[in-house]
Amino acid sequence: MPNQKGHSVLDILLGISSSLAHLSAPHWKCFSLRYDDFSILKFSQIIEWINGRVTPPEFALRPYLEIAAWTICVSMCLLVLLCYLLARKNPNFVGSLLFFIASCTLCSAIHSLESVVRILDMTYLIDALPLLDSDWLFLFKGVSIDFIYVGGTVLALDRVLVMAFPLQYSRWGVSRRLCIVASLFSVVLLLFLLTSMFFENNGSVYFSYYMATDHVGYVFDFITASEFLLHLVFFVQYNAFSKRAHVKTKVNQVALVQGISQIIFCLLPKFLSRINYSFVSREIPWIVHVTWYYQAFFAVHVLLICFVMIYKMRFGRRAKIAVSTFGNDTSSFWLAPNFQFHLSPMLVTQLEVKVRAHLECALNVLCTFVCLSGLVVYSIHPSRSSFIGSLFLHIASCTYYCVLSTVETLDLALFMQGVTKTPPLGDTSHGHGQWFFIFHTMSFDFVYVTGAGLAFDRFLVMLLKARYISWAISRKICFLVVALCSSTATLLLFCTAVFPFQLQKTSFSTTACLGSVGTFYDLVVVVEVICHVAFCVMYTKHWGRPTASSSDYLLKANHITMLHVVCQTLFCVLPKALWKLFGMGVEIVARIAIYYSVLFSTYVLLSSLSVLYMLWRRKKVVRITVSHNTPL
């Protein structure tokens, strides 16, 4: 008896399918996914329900989820239109963005209306079966979704063109022309489908609505593939543009989110459905299950895009403080790694800017005091060791950096308190600010190159041992470091005096020279890291062993270098590497980049303190040794 009952259910289902074959067979070739009571897809859904692939709670809850999603989408789209009218600034972009918003609004309105009618029909409040099964509803639902694909393609093409031709984009009116083309294409598409429906209603056998739907599906296959490629091109352009300029416009961010969302919620389910129905001999159950939620996925896509547009248009207009207009932030990014960009405005509170200016000023004053103390202790009790040359250069470069940083941060703090009215020294919009910027940038570079000389010196003293002093290695390294610093300073000063500071069209500029010098110092930092690693490995192997240098004071220098390695890695190399890898796209990396000068000053302070401590201890040891060797 169970078998007979099972066969009877199957016979009923087959009877339903055969009686509806003339209505639903053409839909197998229609690539627009639909939710229709009398379609082969609906019959497949019944079979899935019987087989347990789609559970009854899913089948019952889906219409309510769709009506909630589409109703929220309608509200969000209307709010987006309002925010767009209030927040628009650039009329050249009105075309493509407005078309995309309008297509989202139309699609949300039609689908929310269809969801309301469906729930009313499910609860037996009205008999809406003829409307739900009508070709008119299917036509306008499918066309509204197609309009969003057209709008997304136009938006992606608009962003690709503005990235590729930034100067000609506004002059040619690209966005307005794209909007006109998209509108004409949409009108032609709608007229084509209406004409095909008219011919079918008049009994034409040569051209039917379902044939037209198939051809439109092929066209939108090409449009979807083109949109996907445009999104990929835009992702590459946007990534390169963000690393180069770090200017993130609202439109670019909306297009970026739109591309990612459409790929995940629309193109991926559609691609899986196409594989399932076209290239697989037997349907894959989980793909059918995912496809069953296509309309809900599309609603989530529209809802997400509307939310992003509202956020960018309305809440993105909060006051922002461009902390890079002047001050230490600007110079902190033209370091030896030479972060080659102008900081974009970031959401930094006014309190944070003021507190940072005063704290950094106090930190630099302390660094200056420690560095000068180290130089005084060294000058009072000089050593005969040849290593002191490299160490002295590093202390001198740190002192040079600390003095300039103290002057800049003190000037900035006084300016923010209203004590001084002249532009700060870090403001590169005037001549003396540009010159100070160059000298301050060189101070960063000098600290790095003398640190590299110190690391190379320590590596050679562990490698050569006795021959290190006889060959005067440290003195030769000092000459090399001084020559490199002198040539860098001469080049930058010459460019500042001869060429314009900022890049103008095709002429050479000082900032371009800074970029080239920064690329060279990137290699210096890599060499320094390698020397540090080699020194640490060799030093740990000889830890505690009596060496030729242990009777001297070179062992103290080894301790200084070890602390120097740790501090520079944590406060300088690691933030630099993070920026090189992720740029300003990651918020925490951007925050670290803003405070790079504070981290650099902390590194200088710790390194100088270690030098001062070791020199002071060396002074005491010398006194004890002299007292011990007296003839008394």
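We number each residue from 1, going along the chain as drawn.
Just so it is clear, glycine is given a Cβ too, placed from its N, Cα and C backbone atoms.
Per TrEMBL, these features apply:
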TRANSMEM  67-87  transmembrane segment
TRANSMEM  94-116  transmembrane segment
TRANSMEM  136-157  transmembrane segment
TRANSMEM  178-199  transmembrane segment
TRANSMEM  219-241  transmembrane segment
TRANSMEM  253-272  transmembrane segment
TRANSMEM  292-311  transmembrane segment
TRANSMEM  361-381  transmembrane segment
TRANSMEM  435-456  transmembrane segment
TRANSMEM  477-499  transmembrane segment
TRANSMEM  519-539  transmembrane segment
TRANSMEM  560-582  transmembrane segment
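Of the candidate ranges 94-116, 136-157, 178-199, 477-499, 136-157 contributes the most Cβ pairs within a distance under 8 Å of the transmembrane segment (219-241). The transmembrane segment (94-116) makes contact with the transmembrane segment (178-199): 3 or more of their CB pairs lie within 8 A, with pairs spaced 6 or more apart in sequence. By the Cβ criterion (under 8 Å, sequence separation of 6 or more), the transmembrane segment (435-456) is in contact with the transmembrane segment (519-539), since 3+ such pairs are found. The transmembrane segment (136-157) is not in contact with the transmembrane segment (67-87), judged by fewer than 3 CB-CB distances under 8 Å for residue pairs 6 or more apart in sequence.
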